[in-house]
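Notes follow once the structure below has been shown.
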Amino acid sequence: MATTWGAAFFMLVASCVCSTVFHRDQQTWFEGVFLSSMCPINVSASTLYGIMFDAGSTGTRIHIYTFVQKIPGQLPILEGEIFESVKPGLSAFVDQPKQGAETVEELLEVAKDSVPRSHWKRTPVVLKATAGLRLLPEQKAEALLFEVREIFRKSPFLVPDDSVSIMDGSYEGILAWVTVNFLTGQLHGHSQKTVGTLDLGGASTQITFLPQFEKTLEQTPRGYLTSFEMFNSTYKLYTHSYLGFGLKAARLATLGALETEGIDGHTFRSACLPRWLEAEWIFGGVKYQYGGNKEGNEGSGEVGFEPCYAEVLRVVQGKLHQPDEVRKSSFYAFSYYYDRAADTDMIDYETGGVLKVEDFERKAREVCDNLEKFTSGSPFLCMDLSYITALLKDGFGFADSTILQLSKKVNNIETGWALGATFHLLQSLGISH
């Protein structure tokens, strides 16, 4: 099945359509991704490889894709993926950039073991950093990227220009949407029936879908719409990336840590944490002390779902655009949506499952009102589930009954933007045997 959908994915360039993507009044980074000039001509049968690093806020992941061109002159098909990851993410090495680059070097060894030596020199390697590095001061982020470039330069793989960069948030959303809808067969022929995508990272979150109503297009803020053509059809996507609204960034906002200048010696407390808890947490290279509300403290000292939800609600309420159309739409959700659902047995960790938005609220109530029982694995479980509930309902405006397909993989291929980015990479380089 993966091969079949992989073939469908690569049919994207078969039509060789001009696909300039633009915001309402300007061209943007996506211009030329699927241009006809990228269609390979007279290629011979071969096996192709592509290496894509996803440098997220909580970890660095490597995706090694194998593509096979079985018949000369035909576009290659996706045959398989190797996936590995390391923690923490590059942003945790904000003051030790060389050490951060060493984590990338460690994953490159996986690529060496996976890609035949004879293919190393023509296998491209690229790293795209996401919200974790976007949140860092520019000079700090560039120091990390420089060290990664040095690692790549010494590697035996093909290193394209701009091989190490920070990716625009909307780039994540669009490529994830394309990946999911191609792997599920939603974009075949002239069908406009697609699924939306929700990605919840550590530092940012993305929402992308194809609006079905003119009212949505008319009421959408400037910069949230992106148009492109494929299969002789025009798709105008609603897509936006919210920096600072990822799961772990939201923890800091909920705790009030983002509003505190001096954090040394300060313990941040929350109704979302058990009373007995006193701990520390490192995010983005910064150490935070945190704990539960204490009885008798200033304030209510309450714990449980209701006071917790009031805290996370302040993080999202009135800060995200709410397109009415999403209330009746279906979405694929992945990353931390998937992880927290799996952590609480709402879905199977390997196969995923289907949930309604209200299922997250029900589980959040269960966890938060029984904090002593549910915090052995993660003391933030109550806060995370409550935040996800608030993000979906009060942030994006989803209805309780909205259906979410929780998926880590589609047809055995990881969801997310990495496959789409690798596809673009191979085509833009015109790589063939």
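Backbone N, Cα and C atoms are what each Cβ position is placed from, and that goes for glycine too.
The signal peptide annotation in Swiss-Prot covers 1-24 and rests on sequence analysis.
Neighbour density for E172 (active site, proton acceptor): within 10 A of its CB lie 29 other CB atoms from the protein chains shown. Per Swiss-Prot, the feature active site, proton acceptor maps to E172; the stated evidence is similarity to another entry.
Taken from Swiss-Prot, the feature N-linked glycosylation site applies to N232, supported by sequence analysis.
Annotation source Swiss-Prot lists disulfide bond at C272-C308 (among others), citing similarity to another entry. Sequence-distant neighbours of C308 (disulfide bond) (same chain, 6+ residues apart, CB-CB distance under 8 A): S270, A271, C272, A364, C368, C382, M383, S386. Following the DSSP three-state reduction, the secondary structure of C308 (disulfide bond) is helix.
According to Swiss-Prot, the feature disulfide bond maps to C368-C382 (among others).
Summary: among the disulfide-bonded residues (C272, C368, C382), the fewest other C-beta atoms within 10 A of the C-beta are counted at C368.
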